[in-house]
Amino acid sequence: MSWTYLCDAADVAPNSLKLVDANDIRVVVANYGSGFRAIPPICPHMEEPLDESGVIANCVLTCTKHLWAWNLISLELLGETEKPLKTYELKEEDGKLLAFIAEELTYDFEEEDDMDDDFFSKS
């Protein structure tokens, strides 16, 4: 495939996430303050939509559902996080964010998670 327009860089505020549609593939653009990442729209843990549950602070993306976190600069897994965050190659040209999308990035999910680690569930 080729480079695909995602959005203007100015459309994604610092420390925020924006869900975009790139030729029928949903992508989340993450602005971590000093740069951008293009990632699949769901957390690799439990299929939680990152545009709704993701929070960025100090260059770290955290899914608030189960507190999995990744450093958006190094992509290092933080804390109890068990799976890497997949990313699309991204570049900025003339204020526009473009991703190289050869195929949709997806995760394999395990069915046996019983949600006991759901920090926000009601007991």
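Cβ from N, Cα, C; glycine included.
Since the structure is predicted, the reported quantities are computational estimates derived from the model, not experimental observations.
Classification of Cys43 ([2Fe-2S] cluster binding site) by DSSP places it in coil, neither helical nor stranded. Summarising the annotation, Swiss-Prot assigns [2Fe-2S] cluster binding site to Cys43, His45, Cys63, His66 and lists similarity to another entry as the type of evidence.
Across the domain 'Rieske' (4-99), the model assigns an average pLDDT of 97. The annotation domain 'Rieske' is assigned in Swiss-Prot to 4-99.
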Check: Under a three-state reduction of DSSP output, how is Cys63 ([2Fe-2S] cluster binding site) classified: helix, strand, or coil?
Finding: strand
Next item on the list: Report the residues of the chain - excluding Cys43, His45, Cys63, His66 - with C-beta within 8 Å of the mean position of the site's C-beta atoms, for the recorded [2Fe-2S] cluster site, in sequence order.
Entry: Pro44, Met46, Glu48, Ser53, Lys65, Leu67, Trp68
